[in-house]
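Here's the structure we're looking at; comments come further down.
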Amino acid sequence: MGDPEKGFSEKERMSAEIIRDGPATPTLPVLPTVNAESEKREPPASKLHPAVYVIIWISLSSSVILFNKWILDTAKFHYPITLTCWHLTFATLMTQVMARTTTLLDGRKTVKMTGRVYLRAIVPIGAFFSLSLICGNLTYLYLSVAFIQMLKATTPVAVLLVGWAMGIHKADLKVLFNVSFIVLGVVVASIGEIKFVLIGVMFQIGGIAFEAIRLVMVERLLSSAEYKMDPLVSLYYFAPVCAIMNFCTALVFEIPRIQMEELYHVGLWILLANAMVAFALNVSVVFLIGKTSGLVMTLCGVLKDILLVAASIAIWGTPISPLQYFGYSIALGGLVYYKLGAATVKAQLSEAGRLWAEFGSNRPALRKAIVFGGILMVLFVLLGGLAPSVGYDSKYLTSTIKGADKSS
């Protein structure tokens, strides 16, 4: 029979159920303990799919542009500076309310904003922001939404050139060659524009230039960790100074000419809804950041521009020539290539080719139907653009008939 002390010791080493007096020996296993209350609770993940945020952003961004065009052009409220001032005043009020009632603007607490910084950085940026908004809204009085979106494709080129001029980035001829395709496409689209209005194009070019300067100045400001701001916090600081600048400008050029009948014709509730949609767009951008990648954002921006061109054609019957389709396609292709880079574009094309081949092997009949439908759509667009217009110009038809009557 074995030694009982030895047996007891072996059992004690093999089990933690026997409690011994004195300090625990290193041979005894020490089981980890978990205190549920001391664990850091992670915030619940969002239940919404990222596609929901993308759809909301595209919808709001498109709605703001179409809404502004409708008010300024269709509803005959020809006061773009006043409309911009109203948007910024509403944004100022809403950001002040949200700063006191929600946590969406808590990021401002980490910004070391002083009076000196506000005067030397925020006010100049706000001035260029105001100028870009004024020029952008003035353009709606002269150009179609479709042509405006084509011209806006040159914004990355303007930002690149301004960044080089201000010494933020080093000049690179290879990058300049890449963005030249964007300019080439927009030039081709401009040549094909049927309703080309020079003053409208000049306003849009001015708006793009002012916006490029603003973006480069913001980039330089945000390069310091002390001034990191999301779009909503930026609006919190920029909206008041922009509203004041727009109000002073409108007070000279527009407000003395505004009649109350014009406001009632548009509708006060319509103007309120317009400002709410514009502000909701800024809020949606905050929620969109971090939910998607740069690739998705770039492609969604291109998709939004295409949808706006289609909406302009559907709502206002904007005529688009085949040359414009061709030029805008070049500009969009150059825009995607510039923003994503050659490596990313090649990788995505390779992946798309693989998925398309896999889809064809699984559903060959559906693939053939899609290809056939795409060919028919392209032919319809090209032939429809080359063919005479289905509609007619009533003034031209009336003058032709009168001329024929006089000659007879």
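FYI, residue positions are counted from 1 along the chain as it appears here.
Each Cβ is built from the backbone N, Cα and C atoms, and glycine gets one as well.
What you are looking at is a predicted structure, and each value in this text was computed from that prediction instead of being measured.
If you check TrEMBL, you get these features:
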type: TRANSMEM; residues: 50-71; note: transmembrane segment
type: DOMAIN; residues: 51-338; note: domain 'Sugar phosphate transporter'
type: TRANSMEM; residues: 117-134; note: transmembrane segment
type: TRANSMEM; residues: 140-163; note: transmembrane segment
type: TRANSMEM; residues: 175-192; note: transmembrane segment
type: TRANSMEM; residues: 198-222; note: transmembrane segment
type: TRANSMEM; residues: 234-255; note: transmembrane segment
type: TRANSMEM; residues: 267-289; note: transmembrane segment
type: TRANSMEM; residues: 296-317; note: transmembrane segment
type: TRANSMEM; residues: 323-340; note: transmembrane segment
type: TRANSMEM; residues: 369-387; note: transmembrane segment
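With a threshold of 8 Å between CB atoms, the same-chain residues lying at least 6 positions outside the transmembrane segment (198-222) that come near it are 121, 124-125, 128-129, 131-136, 138-139, 141-143, 148, 151-152, 154-155, 158-159, 161-163, 166, 168, 190, 228-229, 234. Where the transmembrane segment (50-71) meets the stretches 140-163, 175-192, 234-255, 296-317, 323-340, the count of C-beta pairs under 8 angstroms peaks at 296-317. For the transmembrane segment (296-317), the neighbouring stretch richest in Cβ pairs under 8 Å, chosen from 117-134, 140-163, 175-192, 323-340, is 140-163. Contact between the transmembrane segment (140-163) and the transmembrane segment (323-340) is present: at least three CB pairs lie under 8 Å, with pairs separated by 6 or more positions in sequence. Stretch with the largest number of CB pairs closer than 8 A to the transmembrane segment (234-255), among 117-134, 267-289, 323-340: 117-134. Within its own chain, the transmembrane segment (267-289) has Cβ neighbours under 8 Å at 53-54, 56-57, 60-61, 63-64, 67-68, 71, 75, 83, 86-87, 90-91, 94, 104, 230-232, 235, 297, counting only residues six or more beyond its boundaries.
Looking at the domain 'Sugar phosphate transporter' (51-338) alone, the prediction's average pLDDT is 90.
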